[in-house]
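Report on the following structure.
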Amino acid sequence: MAAGSCLLLLLLPSLVTTSHSPPGCKIRITSKGLDLVKQEGLRFVEQELQNITVSDLHGNEGKFQYNISQVKVTDLQLAFSDLNFQPQQHLVFNINDASISLRFRRQLLYWFFYDIGSINASADGVHIYTVLQLAKDEAGRLKISNMTCNASIARMHAGFSGTLRKVYEFLSTFIVTGMRFLLSQQICPSLEHASLVLLNSLLDTVPVRNYVDEHIGIDYSLLRDPSVSTETLDLDFKGMFFPRVREDQELENHAVEPVIKETERMVYVAFSEYFFDSAMHSYFQAGVLTIELQGEKVPKDLEVLLRATFFGTIFMLSPSVDAPLRLVLQVSAPPRCTIKPSGTSVSVSAFLNISLVPPDRPPVQLSSMAMETKLSAKVFLQGKALRVQLDLRRYGWGPMGAWGESPPHPTHNCFLLSRFRIYSKQSALESLALFSLQAPLKTLLQLTIMPIINERTKKGVQIPLPEGMDFTREVVTNHAGFLTVGADLHFSKGLREVIEKYRPAPTAAAYSSFRPAEPSLDPSSL
């Protein structure tokens, strides 16, 4: 018993660590962002309520027989509405003192008198209170998991016309009471379908696990249910890249967890060093961090310098003196990202093999040198794509602008000073001889290799937002171990437009079963 207790105590720290895996990407939606969502959501609710289907109302009172059919919503006034974050309940949508105008068809039979026409009605003092609970599903996607709704109508009025107007006014108590009950019973089912079906189809457009390019993919699955306060909603995403050749590969996250404290903008997206490290690790595992230059692809000035540097070795290789040069640059370990308040950098270790390639003969290696470099990284948004541009040039500034340069554009994060050095893998003496190659090789990397790398990363990776929602006025800010992107939001497409795009086409049977029956004009049917 004591041994079991000791084992449990030893396992407890690991269980706690497992239950709270740090996110590689975190998104915060603030109350300002929720206000924008409310505006678009209110239009969506109006459209849904206008499509309410109310069952026919029929009955008799003494010698009177009546039938109310073809009920249609003609106008909505949702003047007082609110959408708020609420801890534990997540989202609360409240509509007060709304009005709904209706028009429906009437049929009346009294002895031998038959009357037909239309009725205009108004439901006033409509109150709708809905609570949406959010959770992650089995696939790690954000979903509306549950909805509670309460709808009531304070009063309803109906206007009658026609030859039997007085009779209808006598029957108005029965008709209005019945219509008020039927209408109030249809509001919540309509909103429940809109939330659990239609809005969840919109959330299906958020990328969870998809391919970035032909080499790697990204896993944006949620790690846990949303965390909701009165002012914010926080989402913790895995934010891990994976090589497509080994999609089940997992990279442990030991990076600093992003912490978002700001609430001034509509949305904040934070990325830890793990997010970028997993991308570079995946590219390394995919075997694509190798670049080869041969023959005419080697810059002429560098070729002359290399031939002069290795003149003795080349001279001893006659008749291969005029053979073309080949340079193979291969990253030797997964690059690592470092994010500091002063900027972002990527540390890279690589091997550079320089060889002669005589025709019809095996290559002759002239040198194999190790390279270590720290690249400056510029992180920015383009649309919904996060992009990284690498550079070897000396950018940066110290306190009071010590480098004499103005800070970068506010939507970009600042640069760190780049670093570059090479040394021989064979001997210290050869490393000394290679010193003269350091500046030309750095220029080679900047002018030849860096454009190739940046072209590969030009597409960027999409940030997990629903289709039709985009960023504006982005600002990138660096912190210790992570960076944040603060932005406002705007809808480039309406909710209805996106939902209709992905709505499955109804079958003929389903359509006929939900379509209200046409009323009969034959008095005998009453």
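Note: Cβ is positioned from N, Cα and C throughout, glycine not excepted.
What TrEMBL says about this one:
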SIGNAL    1-18  signal peptide
DOMAIN    28-246  domain 'Lipid-binding serum glycoprotein N-terminal'
DISULFID  C149-C188  disulfide bond
DOMAIN    261-487  domain 'Lipid-binding serum glycoprotein C-terminal'
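Every protein chain shown contributes to the tally, and the Cβ of C149 (disulfide bond) ends up with 17 other Cβ atoms within 10 Å. Sequence-distant contacts of C188 (disulfide bond), defined as residues of its own chain at least six apart whose C-beta falls under 8 angstroms from its C-beta, comprise I128, T130, C149, N150, A151.
The domain 'Lipid-binding serum glycoprotein C-terminal' (261-487) scores a mean pLDDT of 77 in the predicted structure.
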